[in-house]
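Okay, structure first, notes after.
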């Protein structure tokens, strides 16, 4: 039986060292009828990180104490000196197993997982799978990518930055690693030209900067301290385009440059787009170090084998935090979603002390759309903030239509006639010849005399979202036709896509609402005068004025959970059974975020050639949290990943800037017209609160051994746990569910009868007395003990929570436990339950 798992979900996170060894050249890859492919092979011997001696804090104690038996129980600490022997053992193993055969080894994985990536055929894969040393063979799979003002919205200038000593040192000494599309090293957001304070030398970092023609010597500096690229899987497949994708850490896409600047970009960088200053940018942790591991590319996305190599290298280099704005196309198959090369490698990264942040995914708002699964990964959803660049269109009938677009206004006090692109065609053009003429992409389709001096109405279709048509091209057409401005109305088929404000170098507006677009067209059509006999158009009577959208206002109710942000419950498997784990962990600003942009990016034509771009998605939310995590790590260097996670979660905000409960968008059609009170399935613990996270009061600790116990509690997981981690599940192991983990939340997918859950908390603040309050989920009675306790610094307190089913619930219901300290600390614990009364 061939032990080969076919896996095709499109996100991956793991780490490896870059070792390219080939027994033949790429020209010898395969014949036309060959079935060769890239496989990720993991071996049963543990990676280097599992050989490390545990260095736990004296006060740290695992809640669970299973009798775990690693294959190698050596207490000796292993470091870089171990790497050559691991790589040599891989080569020796392959030579013996595939003696005389052609194959390409792309990478050796050794730090977080023990294995390699190979380009082989199916017969060779089967031969490898029969070897007792092999744990898993997985087909390589594709992966994809998933501020000026947000630091102010998050309260950093008056809060967290003040606690750190000011923005001048916020995040200093902490290294954030980014697995993304690379970086533009010449961007001012990443220079080290701080004349007042030089950057310290990171003593715990061993990474390097690649030197290539497009990433020359000197690209890195005292802030950007590491940069590598990983593309061997793509190269082996023959799809790597070096002129477009750049065989270097240089960012040809823009996404990686953007995310890095959101987390750790320099403070006070002017955001100038289309010659207009939109403010001054800053990362959340502007003094943090940046190390870049490029594994995604503009033309094809990325592949698991390359991403795995990037993460393994990042861990080996010594990063403190990993930010991953990438998500899967589908849920991992197998026993549980947690058992995939990515999450297993990230579990090893957490064991090594790395805090891992991942985007939730942009597949909301339906339930169970979560793309980040495991409890050791901190999952971030996307929310709005209160800044809005308002633009509007005032019609001749005194109706005002809201819209968007970074555009200048039409002349004050003056109305201009409008003309639809379909009515502006020249005599040689028709819709029959070009069905896309309404998108205003070709100057030669139009009659300049008809358009000159008017507002040209164009259709914004799905082709704009796909990059087949562009705002920039439509504006160029309008200028060549001497139009006064451009109005874009939305095509109904664009529903479900987030549209960001776009720079316009003339008066213009995008109307993102279908209903508002209908209002515009109804007025326009009703104002057309026709000849009574011939029905030919005599004149266009509709007039309008564009207000312009260059100025921001800050009156928006925020935050709101964005409709596209992936939702819980967390799916445990491909049958969509619920895991007893809260996802997302929280939400952070992700909508309409200014960030640095690569000088070579053509990913967004509207921002091509600009130094900044506005983007939306959970990709933008995750680096906000990575930056806050860097601030926490700076204040508490001894904090483990789970402690950082706890500090972020228990301090999250539940109310918006108006003092009301945070709302969530329910649908992508007119999302702000379908708001409802956000639940933990939408926003996790709430909205990130950077200032409070630096002083959480009580923290919840969860160890690597706890996570292993959790994995061992999954039915049929014994062999998988052993193959991935090297730990054997005890024969008499008491099952541990997600709700048993010492997490700052309680999530029960099926609650029947009465169950009691315990949470252990450690006080990292001064002596304090806490009062405990709670609100039970629907269909459940709740009792929490103790209702009051006093605790000294360094002491632990166990909280006992008893839930009893009183009514059936067909879906998740939500409650909350609040701990209120007499010195001001507040600890929030969300409770999510599906209650089931057992049938008699």
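Using the three backbone atoms N, Cα and C, a Cβ is placed for every residue, glycine included.
Here's what Swiss-Prot has on this protein:
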SIGNAL    1-27  signal peptide
DOMAIN    38-146  domain 'Inhibitor I9'
REGION    61-85  region 'Disordered'
COMPBIAS  61-81  compositional bias 'Basic residues'
CARBOHYD  72  N-linked glycosylation site
ACT_SITE  180  active site, charge relay system
CARBOHYD  193  N-linked glycosylation site
CARBOHYD  241  N-linked glycosylation site
ACT_SITE  255  active site, charge relay system
CARBOHYD  398  N-linked glycosylation site
CARBOHYD  427  N-linked glycosylation site
CARBOHYD  480  N-linked glycosylation site
CARBOHYD  553  N-linked glycosylation site
ACT_SITE  619  active site, charge relay system
CARBOHYD  689  N-linked glycosylation site
CARBOHYD  715  N-linked glycosylation site
CARBOHYD  723  N-linked glycosylation site
CARBOHYD  767  N-linked glycosylation site
CARBOHYD  808  N-linked glycosylation site
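Swiss-Prot feature annotations superimposed on the structure.
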residue: 180; record: active site, charge relay system; Cβ neighbours (10 Å): 29
residue: 193; record: N-linked glycosylation site; Cβ neighbours (10 Å): 9
residue: 241; record: N-linked glycosylation site; Cβ neighbours (10 Å): 14
residue: 255; record: active site, charge relay system; Cβ neighbours (10 Å): 28
residue: 427; record: N-linked glycosylation site; Cβ neighbours (10 Å): 6
residue: 480; record: N-linked glycosylation site; Cβ neighbours (10 Å): 13
residue: 689; record: N-linked glycosylation site; Cβ neighbours (10 Å): 24
residue: 723; record: N-linked glycosylation site; Cβ neighbours (10 Å): 17
residue: 767; record: N-linked glycosylation site; Cβ neighbours (10 Å): 12
residue: 808; record: N-linked glycosylation site; Cβ neighbours (10 Å): 11
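Taking all protein chains in view, 30 other C-beta atoms sit within 10 angstroms of the C-beta of residue 619 (active site, charge relay system). Cβ-based neighbour count (10 Å, all protein chains) for residue 553 (N-linked glycosylation site) stands at 10. Residue 619 (active site, charge relay system) falls within a helical segment according to DSSP. Between the CA atoms of residue 398 (N-linked glycosylation site) and residue 255 (active site, charge relay system) there is a gap of 41 Å. Candidates 241, 255, 427, 553 (recorded positions) were compared with residue 180 (active site, charge relay system); those inside 10 Å Cα-Cα are 255. When other Cβ atoms within 10 Å of the Cβ of residue 398 (N-linked glycosylation site) are tallied across all protein chains shown, the result is 6. Rounded to a whole number, the distance between the Cα atoms of residue 723 (N-linked glycosylation site) and residue 480 (N-linked glycosylation site) is 65 Å. Across the structure, residue 689 (N-linked glycosylation site) and residue 619 (active site, charge relay system) are spaced 19 Å apart at their Cα atoms.
For residue 427 (N-linked glycosylation site) paired with residue 241 (N-linked glycosylation site), the C-alpha to C-alpha distance reads 42 Å. Long-range neighbours of residue 715 (N-linked glycosylation site) (same chain, six or more residues apart, CB within less than 8 Å of its CB): 335. Per Cα geometry, 619 is the residue among the recorded positions 193, 241, 619 nearest to residue 255 (active site, charge relay system). Residue 241 (N-linked glycosylation site) sits 43 Å from residue 553 (N-linked glycosylation site), taking the Cα positions as reference. Averaged over the domain 'Inhibitor I9' (38-146), the predicted model reaches a pLDDT of 75. In the three-state DSSP scheme, residue 480 (N-linked glycosylation site) falls into the helix class.
Following the DSSP three-state reduction, the secondary structure of residue 553 (N-linked glycosylation site) is strand.
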